[in-house]
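> What follows is a structure written as structure tokens; I'll ask about it next.
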Amino acid sequence: MARRFILLLVLAVCLSGSASGQRDHPRGRSIDAESHPIKHAEEQQTQYWVDKAQAKLLSKLAEQPSATTNKAKNVILFLGDGMSVHTVTATRNLLGDSAEQVYFEGFPYTGLSKTYCVNRQVADSACTATAYLGGVKANYGTIGVNANVSRYSCDGAANEEDQVHSIAQWAQAAGKDAGLVTTARVTHASPAGVYAHIADRNWENDWEVANRECDPEQTIDIARQLVEQPVGQQLKVILGGGRKNFIDATVNDEEGYPGQRTDGRHLIRSWLDQKKEANVSAKYVWSRKGLRLVDLENTDYLLGLFANDHLPYNGDRDRKRSQLADPSLSELTEAAIKVLSRNDKGFFLFVEGARIDMAHHDTFAKRSLEDTAEFARAVQKARELTSEDDTLIVVTADHAHVMSINGYPYRDQEITGLAQLADDNLPYTILSYANGPGYYSAYNRAEGRALLKEKLVADSDYQYPTLAPLDAETHGGDDVAVYASGPYAQYFSGNYEQSNIPALMARAAGIGPYA
């Protein structure tokens, strides 16, 4: 009797463990009964994976003796704004399959950087720009100043001891040229880190400064700093959006949109007048057509403002058929490199894929992945136009986002589609967010969770579901990846502070205080 009791007890424990395991890894129920065949038959064979590992090992062994210790003549920093590791992973699927590789993932060295601000666990694009461009961590919302400066301090950026100088300035001081490319306004938080010192990232024009009860003639806005202060004045290439911050509200731009300035300044004309007075070749363009007409090999300075606000999402260029009017990030990158390559001493270039982040904030997951794919094409274009022997390319993100990849979708399912059925017999999306405006697209008080269909989530305007309702999805506090190729790329492996990145780049180039 005792023996029978023990056997029953053991059986109960086993069954309990089995049930617990099912709860830990719920399989869910398939939305459809169709079979999902193995996409790549060779993956069923053990030897396939053995050979793949052997190939990777051989490539690693080949890298060791060839780790480049030449001085980097050129440095290009690619910043995928909000490009979390999850975003890169999901983009692989968008490109065709989970086994795909986003271009820069093939770079020989990869690391992780810590993205927090001095006063926030989860960072924004301002304090992070100060870190990865200037080497100093700062307070949330501030650009180009250290943590002694609090946000909204009217005179906070005036103290030179608290100003943080960027790697662009270090490059200029060494006789190199510098430039920036972005799909955001050129006065937005990330590109502003190249040239500005400001206590609030929103002070892109004089009206914004006055709106916080500061004196615009004392607290110089970001657009004026770009045109009137030394680092901005010396930038050989400035390509992006944001015309509204350079012209007065009484003036319309080339496409009929009004400016936002209230001080009567026309900073585009000021920029052109400066270059004319300096007797240098300078071109201002506002359209893709205008850019294509520029003789890049004979242009000293290039200013391109291609939108009143931000440039369009890359996927929307196709959907709205605006490719002829709106340049892509890869096209802007190519133009910048051609202008900057004229300097025999080399250059520093900052390139931002800004709308990866903006799509996430609206929980437009598909748009974010499309912009990540275009960002990767820009990196590839830069690598093709330069040599690994003398050009260091670093690819990273400023911060993460709260998008996750969940469920147990089949290998051949599109990453932007639906996973299995949940316990309420309704499907859920493979991609979802911890918070944001997508809360309302998948849930309402009267009916609970909505019945989602593939056709609905296939729409680029679909806002992916979130756990908590917010007007805009927040950033994530995760570490972000850093990918490097070229001279001293080996410096970028491991885990380190985001503020180490410009030091490593400067050491590779022999410029700035880290030479």
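Each residue, glycine too, has its Cβ placed from N, Cα and C.
As annotated in TrEMBL:
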- S125: active site, phosphoserine intermediate (ACT_SITE)
- D81, D357, H361, D398, H399, H475: Zn(2+) binding site (BINDING)
- D81, H188, S190, E352: Mg(2+) binding site (BINDING)
- 1-21: signal peptide (SIGNAL)
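Each of these features: where is it, how hidden is it, and who are its neighbours?
For H475 (Zn(2+) binding site), the same-chain residues lying six or more positions away in sequence with a CB closer than 8 A to its CB are G82, V122, A123, D124, H399, A400, H401, V402.
All protein chains included, D81 (Zn(2+) binding site) registers 27 other Cβ atoms within 10 Å of its own Cβ.
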> Using a 10 Å cut-off on Cβ-Cβ distances across all protein chains shown, tell me which of the binding-site residues (H361, H399) has the largest neighbour count.
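Buried the deepest by this measure is H399.
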> What's the CA to CA span in angstrom from E352 (Mg(2+) binding site) over to D81 (Zn(2+) binding site)?
7
> Please list, in sequence order, every residue of the chain apart from D81, D357, H361, D398, H399, H475 whose Cβ lies within 8 Å of the Cβ centroid of the Zn(2+) site.
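Going along the sequence, the neighbours appear as G82, D124, S125, I356, H360, A397, A400, H401.
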> Based on Cα coordinates, which of the following recorded positions are within 10 Å of H361 (Zn(2+) binding site): S125, H188, S190?
none
> When the Cα of D398 (Zn(2+) binding site) is compared with the Cα of each of the recorded positions S125, H188, S190, which one is closest?
S125
